[in-house]
């Protein structure tokens, strides 16, 4: 698996890189994990409800992923796994549950207890939503992925119903731990832990 850290990047450029990697995996290339922070941007999934955008001046980017409207910005670790799911079971639901499990175990390693919510995709603590998940698939190659709140400014979330959930509180690892964490620290943890857990739960 290729691990590609592209730093802080605009959404359009990240999408271009994803599409390039997807094409390479479709042609038999190595799977990849894209690690980054986005410049501030709001995105909305293909089936998302525009009514969940509370600020009438806000124009979210419509993207080919599941889920509703969300915010990405500095202080949030975004990971886009580019995986050949045709060789990992062809089960999108199982893949989503794997991403949730990975996030729960990753956060537990930092001393943050979190959980999933039946009927919802993502990860929560008792204080609010900690990570969002939205994926897309092209010919069984995955794109998009998850966003983990490490230490972002949570104020921009007030302009939307995050993930289509009115009144949804947003938390972060830094808020949960009472100390500032940095995205680069989490990138190292993800790079170490992602592939072994992936091969355990979604073996090729």
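One is the number of the first residue shown, and numbering goes on along the chain from there.
Cβ coordinates come from backbone N, Cα and C, glycine included.
Residues or ranges marked as domain 'BPL/LPL catalytic' by Swiss-Prot: 27-202. Here Swiss-Prot flags 65, 66, 67, 68, 69, 70, 71, 72, 132, 133, 134, 145, 146, 147 as substrate binding site. Residues or ranges marked as site 'Lowers pKa of active site Cys' by Swiss-Prot: 129. What Swiss-Prot lists as active site, acyl-thioester intermediate is 163.
When the Cα positions of 65, 66, 67, 68, 69, 70, 71, 72, 132, 133, 134, 145, 146, 147 are compared pair by pair, the longest gap among these substrate-binding residues is 15 Å. DSSP gives residue 129 (site 'Lowers pKa of active site Cys') a strand state. Proximity of residue 132 (substrate binding site) to non-local residues of its own chain (separation of 6 or more, Cβ distance below 8 Å) is seen for 67, 70, 121, 122, 146, 147, 162, 163, given in sequence order. Classification of residue 69 (substrate binding site) by DSSP places it within a strand. Local packing around the binding-site residues 71, 146 was summarised as the count of other Cβ atoms within 10 Å of each Cβ; on this measure the leading residue is 71. In the three-state DSSP classification, the residue listed as 'active site, acyl-thioester intermediate' falls within a helix.
Taking the C-alpha positions, the distance from residue 65 (substrate binding site) to residue 129 (site 'Lowers pKa of active site Cys') comes to 19 Å. Other C-beta atoms found within 10 angstroms of the C-beta of residue 129 (site 'Lowers pKa of active site Cys') number 23, with every protein chain shown included.
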